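Novice: Please find one structure pasted underneath; my questions will follow.
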Amino acid sequence: MTELRQRVAHEPVAPPEDKESESEAKVDGETASDSESRAESAPLPVSADDTPEVLNRALSNLSSRWKNWWVRGILTLAMIAFFFIIIYLGPMVLMIIVMCVQIKCFHEIITIGYNVYHSYDLPWFRTLSWYFLLCVNYFFYGETVTDYFFTLVQREEPLRILSKYHRFISFTLYLIGFCMFVLSLVKKHYRLQFYMFGWTHVTLLIVVTQSHLVIHNLFEGMIWFIVPISCVICNDIMAYMFGFFFGRTPLIKLSPKKTWEGFIGGFFATVVFGLLLSYVMSGYRCFVCPVEYNNDTNSFTVDCEPSDLFRLQEYNIPGVIQSVIGWKTVRMYPFQIHSIALSTFASLIGPFGGFFASGFKRAFKIKDFANTIPGHGGIMDRFDCQYLMATFVNVYIASFIRGPNPSKLIQQFLTLRPDQQLHIFNTLRSHLIDKGMLTSTTEDE
């Protein structure tokens with residue numbers, strides 16, 4: 001007994017802080033594991049039949065397969081008609097529509113996370129998500145306004161100040177949101193709150209960044225906006241039609257209804273469609289000219305002298321093809337060659353944006369992101385491929401098309417001090433004289 005007392009007396013006793021931290025870690029670990037298991041069993045949003053009653057009655061005698069065909073077809077035509085209307089209304093309306101689509105897509109993705117974890121009553125989750133959306137939009141679109149509305153910004157004192165300190169203001173706004181998130185952390189929900197913090201930021205990266213690139217593409221000329229979007233739409237429709245009538249071979253497990261027949265048929269149909277649409281649009285200045293802001297009329301203008309990219313040129317046809325079609329040359333716009341790259345990406349790589357979205361939906365056991373469009377799902381279901389396409393088009397323009405922009409260089413020049421402007425003027429004049437574009441007589445005058 002004496003021995004036992006001595007052994008107990010000599011055993012080290014763990015400090016209370018360690019015990020407390022261990023129990024805290026245990027509680028946190030149990031909470032995280034419980035969160036994951038509860039998330040698996042939590043009720044998830046499912047797709048509902050929101051087909052208009054008129055269509056339901058008209059198609060009641062058809063099988064579910066053909067009913068879905070007609071519902072998708074009719075509503076697709078309606079969306080295409082709406083697309084034509086907003087194109088007719090001009091670039092300003094297009095930009096507003098892009099912003100609305102961005103907000104709706106963000107709402108659909110954030111709502112999925114909220115529905116999965118709604119039972120945990122996470123503090124400030126939705127408020128902070130929308131606040132971060134506001135911050136990121138302010139950062140991206142503030143840069144755009146400064147680039148494309150420079151004269152207007154410099155004319156108005158408040159806008160000039162906001163433009164000058166734009167990045168600092170953006171960073172400050174984000175820091176406020178970051179501090180709010182840290183202050184909202186709750187002991188029993190640490191891991192889950194960081195999950196949702198990452199969820200929000202990945203959503204912002206996918207949705208806001210891509211929509212920002214869409215608007216940049218639009219400013220390069222409406223043709224860079226319309227052709228890529230139309231190619232994705234065409235590929236989606238033609239892949240569905242080829243798959244519906246000829247589909248036999250499954251393409252990918254993530255989307256069991258996708259077939260190789262639809263994938264290949266959609267590719268060839270999209271390339272042909274891209275060539276035809278590019279040929280038609282390249283002949284109109286309103287589509288090919290960059291969208292610029294006119295300070296005199298306070299409106300957008302799309303009038304310019306078309307670049308060589310949109311002027312008909314004659315190309316020699318390879319000898320092998322000459323023997324088949326009997327033509328030696330063909331007249332086409334250089335942009336049509338670029339349209340082949342755009343349509344190829346839209347049909348071969350673009351669908352992987354849809355496959356990515358399918359994997360996301362399978363992970364959360366939902367059929368669609370929302371029920372906004374009957375037969376199609378949510379807005380995000382229609383734009384999952386468009387966002388990937390927007391990034392490609394922006395990179396393609398920057399790599400192969402865009403050169404130095406004289407108007408932007410002049411804008412930057414005008415912001416310099418007078419002595420800096422004079423120095424650049426003298427340097428440029430000396431350079432032009434050396435090149436033989438100015439004479440010494442001109443210099444003396």
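Think of each number as a place in line: the chain as shown, counted from 1.
Backbone N, Cα and C define each Cβ position, glycine as well.
The annotation region 'Disordered' is assigned in Swiss-Prot to 1-49. Taken from Swiss-Prot, the feature compositional bias 'Basic and acidic residues' applies to 1-39. The phosphoserine annotation in Swiss-Prot covers SER21, SER33, SER35, SER37 and rests on a large-scale study or a structure entry. Per Swiss-Prot, phosphothreonine is recorded for THR31, THR51. The feature transmembrane segment is assigned by Swiss-Prot to 79-99, 132-152, 166-186, 213-233, 262-282, 340-360.
Provide an account of the burial state, proximal residues and distances for the features listed.
Specialist: With a cut-off of 8 Å between Cβ atoms, the residues of this chain six or more beyond the transmembrane segment (132-152) that come close are 102-103, 106, 159, 162-163, 166-167, 169-170, 173-174, 177, 200-201, 204, 208-209, 212, 215-216, 219, 291-293, 295, 298, 408, 411.
Counting only same-chain residues 6+ beyond the ends of the transmembrane segment (166-186), those with a CB under 8 A from a CB of the stretch are 122-124, 128, 131-132, 134-136, 138-139, 142-143, 146, 193, 197.
Sequence-distant contacts of the transmembrane segment (213-233), counting only residues of its own chain at least 6 positions beyond either end whose CB sits under 8 Å from a CB of the stretch, comprise 80, 83, 87, 91, 94-95, 98, 141, 144, 148, 270, 273-274, 277-278, 281-282, 286-291, 302, 310, 335, 339, 342-343, 346-347, 350, 385-386, 389-394, 397, 401-402.
Residues 227-228, 231-232, 234-235, 239, 252, 254-255, 258, 263, 266-267, 270-271, 273-275, 369, 380-381, 384-389, 392-393, 396 of the same chain lie 6 or more positions beyond the ends of the transmembrane segment (340-360) yet place their CB under 8 Å from a CB of it.
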